[in-house]
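Worksheet: the structure to be examined is printed underneath.
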Amino acid sequence: MTMKMMVHIYFVSLLLLLFHSYAIDIENEITEFFNKMRDTLPAKDSKWLNPACMFGGTMNDIAALGEPFSAKCPPIEDSLLSHRYKDYVVKWERLEKNRRRQVSNKRVKHGDLWIANYTSKFSNRRYLCTVTTKNGDCVQGIVRSHIKKPPSCIPKTYELGTHDKYGIDLYCGILYAKHYNNITWYKDNKEINIDDIKYSQTGKKLIIHNPELEDSGRYNCYVHYDDVRIKNDIVVSRCKILTVIPSQDHRFKLILDPKINVTIGEPANITCTAVSTSLLIDDVLIEWENPSGWLIGFDFDVYSVLTSRGGITEATLYFENVTEEYIGNTYKCRGHNYYFEKTLTTTVVLE
């Protein structure tokens, strides 16, 4: 073996050793992070945990009344922990004040907590899940849920010429339950034929190819679920209102007074205005920058407020109490959209 080869092997071995040591350090830090999280749990939760098991976090999932609900055990879904558990079984238990009860098989689907018809009584319940691997390691998590009312119909506007080669994406917003069987789409109450020419479907997305004005309309997606016992007995729907508009003129005019006339000890404000001819709402975004180049948000002392109506966007810069340090400062107003960007400046001066 040559000296060059020995040196190469030495450095490769050293790198592998360092990488292994670094990986161990990361895993130890992850474990410590979840141990600290466990210590902050309220007593009503922590008393049910098995000290021999690692703690893998809590989850508060969204549910909709009258719809299916499912939840994964937190450590299985957590990006910091999921890589540790590949071959495992999950046990679910409902936590009550003075006892815990095993969840029946009808409420478990593919290892997840599954509730076919979520009602308000479930929103107050806590569930403990225990993941046990093939070699006997275990990790636990706690799941709660809260109710969110789904929107009746979500509007979406698409401008022709924007991303025509990719088509229009419509997402079926079923977020509260996994393991659905299939999704069917309707336009204006007529079922859509997924022919992979005009329409294609990927997971929860409907893709409308070669967009045109006639694609405007009401789109409903119907999600079909298999319950544990009965096939295709649950259907949930969501709605989108699509408006396709012609290609727009995205040019705009930015208007700003070059001076802010102020009085020491008093409030002051100035408005930067963008006037657009586009039909799109919020086509122009306006931002204020301070003299150091930092964006100004809704902070104390100096802050900005954005409003938009009928093709006019305004960003007002407010000074709560003008002091001498503001005199002579120059602030930049930046208006931009996907196509254009314009900037104007204004300087604080004493009246």
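Glycine too: its Cβ is placed from the backbone N, Cα and C atoms.
Within the set CYS53, CYS73, CYS172, CYS221, the cysteine that Swiss-Prot bonds to CYS129 via a disulfide is CYS73.
Out of CYS153, CYS172, CYS333, the record in Swiss-Prot bonds CYS272 through a disulfide to CYS333. For CYS172, the disulfide partner named by Swiss-Prot among CYS138, CYS153, CYS221 is CYS221.
Most Cβ neighbours within 10 Å among the glycosylation sites ASN182, ASN269: this distinction goes to ASN269.
DSSP places the residues of the domain 'Ig-like C2-type 2' (155-237) in helix, strand and coil in these numbers: 3 helix, 40 strand, 40 coil. Nearest by CA distance to CYS333 (disulfide bond), out of the recorded positions CYS73, ASN182, ASN269, ASN321, is ASN269. When the Cα atoms are compared, CYS221 (disulfide bond) and CYS129 (disulfide bond) turn out to be 32 Å apart.
Here ASN321 (N-linked glycosylation site) is positioned 13 angstrom away from ASN261 (N-linked glycosylation site), judged by their C-alpha atoms.
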